[in-house]
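Reviewing the structure listed below.
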Ligand code: 4AZ
């Protein structure tokens, strides 16, 4: 097309014709309207006559103009969009603020009461001075570009003298650059700006002219929410509480606050004293501190490294915490105020306690006094130091220390989390446990130093002390446990874990009781077990304690053990008081037998003790009903911070199809065995207490399974059943919707040990060597049920624990051997006895 036009321009004949037409057109235009029928040319060509010629203008809305206008419109649109985008980006970038919160002590300025008033001239002037100093520090640092401002929040008195200044520092930077910001760097800039003199060797240096104690400088990254509630406008819930009287209890009136997401209570005591905060009860939503928490700080601002303690779940046990200075901050976070109404707390002013003494010990083989952690029974603060010196009256005596729920062991390369102890120049680390231990120092003079080493406040410690005969640590007739405790010799090898560490139940051999007369019936290794082995009853003489009945005897209500001949719960009264027929709850009905079918889907109601444990609404593990309110499961199901908290768990009882339980209860308490080892799965057992006992009316659908007799031996080759909603194949990604059952065989322990190597006496193997039937992921904690031939009762022989894959040939499933835990279960569920 373009080519054609160019040709036309260059063609001379075309040019001449153009001219002609132009001439003609001029003529025509000069006599308008006189030549009817002739149309004037569209465009005037040639010289126009402006005066007379009526202008025939081309319409404005032609294609060309349209294109121009459209292009201009697009251009304006693009510019506007770009401007808006740029504005948006720069606006959002400016919101990317980083908050730091800290404190330091100014040593050479005395506190004035006016500093408490934020509007006072004195406070404003002091705040301005500090802010100017901080401005100078950061505007001359590598972060000067991002530094926005510093805000002094508090200027307070303190027990070390001078002023304690709490402040916020705000930096603003594009989000993309946020990664260059490190907490240590920001803190280091401040600390490095303090000029200290090596000559006078004090920790006080000059920070742009202010005398600042180097050791007092703390600076942590802070939260925007903390900043806005402390500094911003939404501080309606934040308040100061001043305590000037030593004997008064100041309530923390938290229920009075309303509509707040976050409250800050700044507690300030008179100089020279400390604050003890006592929490009697608290109602919080237990969610690992995500939405709800109560945090106690050893400062007036929420400085992370000054946290004394954090509570994230409801509690009704009195807990108290002590500050290291005359101030404390309590912050409360809860999205719903109605939850805060359930908090009862108060604080007191207490004097600082010295933790040192020299003690003369006189008694032998008895505990004559107590020492404790500072501020006992309060949690002790993270910074503490105690020294005790013990001196015995005789050089043959040493010092015995009985620790309650605590133990000390030789310090290892690993850090010491819960206090380090120096005893006669040897170092030990402390750790908490659920039983007492005795530590003996075979020396008449003992120097002890305790240094608190935890980051937070730690649980109170109580230690009883006394003298002991170095050559004979336990009194005659008693056995020395590995934990240092002494237990009567008669309690050794009686099936009860009296030492707490089971050392009294190790290396037990069957010794024939020495009977002067003939043996009536030997039932077990020891005398004083409540069972008359000797005809003359000699084995039961001189027994010093209340006798535990054994697996073969039954303790009647009158404390007498009667021989069981399938006596308990068999409908025949054996005890004079009939107590052997009371509370007979566990499943015995042989009618179940004909309903157990081969294959994998079970029939509804076949396994009425089977429980599905749901964690945050999803099936996670199995368990077995052992009483109206207790379940037995595996410890590994509850290993970890969140999993060990009972709140997210629910127990689903009387269930066949996953999710359709006849009864659902929250879990009140989880008791994980204290020796559970997450590396080896040893002691893989846990008890769960239901918040609501299942109702009697459901006993057709929910029934407890029997706990085996203590120490019961199992027969290899015996057929048992494993049940659960776990995976049906190792490679499956989810569990079964219908309760599955599989028949498995109890496997010889030696075979089990030779398969896995790491099998302890607390484990047993079951499966089929072909690998056809097995438990799998999701079945953990569930029952291995064996039917006792003698009375048709179902016995909880095992708890699904672990194994190499699922259903692999020659790798049977490993189960917790329940018969090893009977005393432990009875300790928590005595009603099962
Ligand atoms: C588990 O992961 C699991 N085959 C349970 C049992 C077995 C293997 C794994 C035994 O919960």
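Cβ atoms here come from the backbone N, Cα and C positions, even for glycine.
TrEMBL lists transmembrane segment for one of the ranges 67-89, 90-112, 113-135, namely 67-89. Averaged across the domain 'CUB' (355-432), pLDDT in this predicted model comes to 91.
When each of the listed stretches 237-350, 355-432, 596-830 is scored by C-beta pairs under 8 angstroms to the domain 'SEA' (96-224), 237-350 comes out highest. Neighbours of residue 499 (disulfide bond) among the disulfide-bonded residues 474, 486, 493, defined as a Cα within 10 Å of its Cα, are 486.
Residue 474 (disulfide bond): 20 other CB atoms within 10 A of its CB, across all protein chains.
For the pair formed by residue 493 (disulfide bond) and residue 481 (disulfide bond), distance between Cα atoms is given as 12 Å, rounded to the nearest Å.
Under a cutoff of 8 A between CB atoms, and with a sequence separation of 6+ in the same chain, the neighbours of residue 481 (disulfide bond) are 487, 498, 499, 500, 501, 503, 504. Sequence-distant contacts (6 or more apart, same chain, Cβ under 8 Å) of residue 486 (disulfide bond) comprise 438, 473, 474, 475, 478, 479, 480.
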